[in-house]
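The transmembrane segment annotation in TrEMBL covers 12-30, 50-77, 98-125, 240-261, 281-298, 318-342, 363-388, 394-415, 459-481, 487-505.
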Amino acid sequence: ATSFLFTEYQYVGVFMIAFAILIFVFLGSVEGFSTKGQACTYDQQKMCKPALATAAFSTVSFLLGAITSVLSGFLGMKIATYANARTTLEARKSVGKAFIVAFRSGAVMGFLLAANGLLVLFIAINLFKLYYGDDWEGLFEAITGYGLGGSSMALFGRVGGGIYTKAADVGADLVGKVERNIPEDDPRNPAVIADNVGDNVGDIAGMGSDLFGSYAESSCAALVVASISSFGINHEFTSMLYPLLISSIGILVCLITTLFATDIFEVKAVKEIEPSLKKQLIISTVLMTVGIAIVSWIGLPSSFTIYNFGAQKVVKNWQLFLCVAVGLWAGLIIGFVTEYYTSNAYSPVQDVADSCRTGAATNVIFGLALGYKSVIIPIFAIAVSIFVSFSFAAMYGIAVAALGMLSTIATGLAIDAYGPISDNAGGIAEMAGMSHRIRERTDALDAAGNTTAAIGKGFAIGSAALVSLALFGAFVSRAGITTVDVLTPKVFIGLIVGAMLPYWFSAMTMKSVGSAALKMVEEVRRQFNTIPGLMEGTTKPDYATCVKISTDASIKEMIPPGALVMLTPLIVGIFFGVETLSGVLAGSLVSGVQIAISASNTGGAWDNAKKYIEAGASEHARTLGPKGSEPHKAAVIGDTIGDPLKDTSGPSLNILIKLMAVESLVFAPFFATHGGLLFKIF
């Protein structure tokens, strides 16, 4: 896992430096690289620091964000690779002990990430303040680079990791389980090591960077809007840092919450695992509501004004508290809806499992329908929170609602990283030839982990929708557009093209997984056919070749989707100008959220339908067969189709939405002065 990440980071490092230079050149050219101060954008009477300074500091914060993002992914993966074997060993004692190890190591990663993000951002703000002094508008504009850095690394981590893990997973499943009838994670399967490494690289390092990106961006969006509101104009530092205060209370709340799972209600039996993880979400949300109330009461003046597209809007502190709370509770609702649609304890997944009786085709139809249906309630939850928070506090309200959803990020990541850790623990138990009983325990942990991973993805997607809307608002304010009118052709062409981008992006990532899996299947078949004694278990397979196939495929294939996301805002902004770009952002947001939710829930449901048939825990599940029956084979095919949906294209889409918005915000000064070349010619 380490060697893959280092290879990936070498490529990403080159990109990072190139993009940093691009930011500096583009933003510096706004005022023709002059070092003289300029009039402020929003208050023409005051003098602000030159555009060159903003360019330099944006570049620095971009690099800071990128490094923090890479670091949080890498450390998360290190923790997970230490924890998975320990979980297997603890499973010899009891399921409760194994659960605690897996959960705690997830929690370590969650806290590390939340704390890192907060610390680096706080230090950066204070250091930049030494230069900017009273020019807060310029200061917080430069800080937006932090979010851009965080998310651009997350994109490559998510796409690269997703392709890696799924090429191996699909390859291992198709040959091992369907053709050769050997169990999952069997050491005779040449792709098994690549598959287990992939879980760490994609689900842990990718997820870590992804949520860090959301977190950095929503903080940046809130800070940019606040810097041109009364907080920034009157230089009230405490209330200015309200977004950071929410996150820091979140860390304290999550610390208390984790104790409930490990010490207060200790898990003893298999059936307590899922309820315990669900309690985590509820407890953290309830405690966080109290925490936000305290912070809003102490940290904010009783009345203040928020910038709202050219006017200042008067807001009370209780209204801002409601904005954060509505985001927080919307997150909980999205989490529970996701759980209902992807857990095999409820009817949707059981119906999908039941449809396997008549083969793989009906399974696929039912699964797709389930995914589309699971979009409905989350979208209403997002819509309500957007309406409430915008009515109360304009774009700032939406930014803090996103922060509310992400405030319990440490708990969210703990239950999310728990999934891949227990998945790996099962793999290790199988490869080490441990007893059947231990494998059953790790499977129970893993089935709960599938659901919690889906919940984590739900959170990531929901927050991405709010974050990108907030960034969109900040971009529109910064680029000096008062209204975005859908009826002007400039904007409408942007909308329709923007709505197409998530499909283009998904097509790229899905095809990458498909072609890499094809190579993997051929290699695994070749080994089974040519290495004597492999099926009998007397000789070892050549694991390294499979790892190499995955590594090469993911490094090569992560570049085109990444380029699509990174270049679109630049090309649109330079050639078509800010109005068209605002259309593109709105379009990609609206269509991306739908595809992302449906893809990750479809995949999660297929995976758990297969687990439901394998576990045979109920009368209904036993009629569908033991492993190797026809319905089970149909379920495996569904699961294999769902893999790239739930682990590659679904989760990467939320980064597409956010990244385009934050990139547009960072380059907004440049687009506003030099953009729209094509329309200027005519």
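Cβ coordinates come from backbone N, Cα and C, glycine included.
Keep in mind that TrEMBL annotations are predicted by a computer and have not been checked by a curator.
For the transmembrane segment (394-415), the partner stretch with the most Cβ pairs below 8 Å, chosen from 281-298, 363-388, 487-505, is 281-298. Below 8 angstroms of C-beta separation, residues 242, 245-246, 249-250, 252-254, 256-257, 260, 317-318, 320-321, 324-325, 328-329, 331-332, 335-336, 404, 407-408, 411-412, 415, 455 of the same chain, each at least six residues beyond the ends of the transmembrane segment (281-298), sit close to that stretch. Through the fold, the transmembrane segment (12-30) approaches residues 51-52, 54-56, 58-59, 62-63, 66, 70, 145, 148-149, 152-153, 156-157, 562, 566, 666-667, 669-670, 673-674 of its own chain, all at least 6 residues removed from its boundaries and within a Cβ separation under 8 Å.
Below 8 angstroms of C-beta separation, residues 1-2, 5, 9, 12, 16, 19-21, 23-28, 30-31, 33-38, 109, 112-113, 116-117, 120, 124, 128, 131-132, 138-139, 141-154, 157, 200-201, 204-209, 212-213, 216, 417, 666, 669 of the same chain, each at least six residues beyond the ends of the transmembrane segment (50-77), sit close to that stretch.
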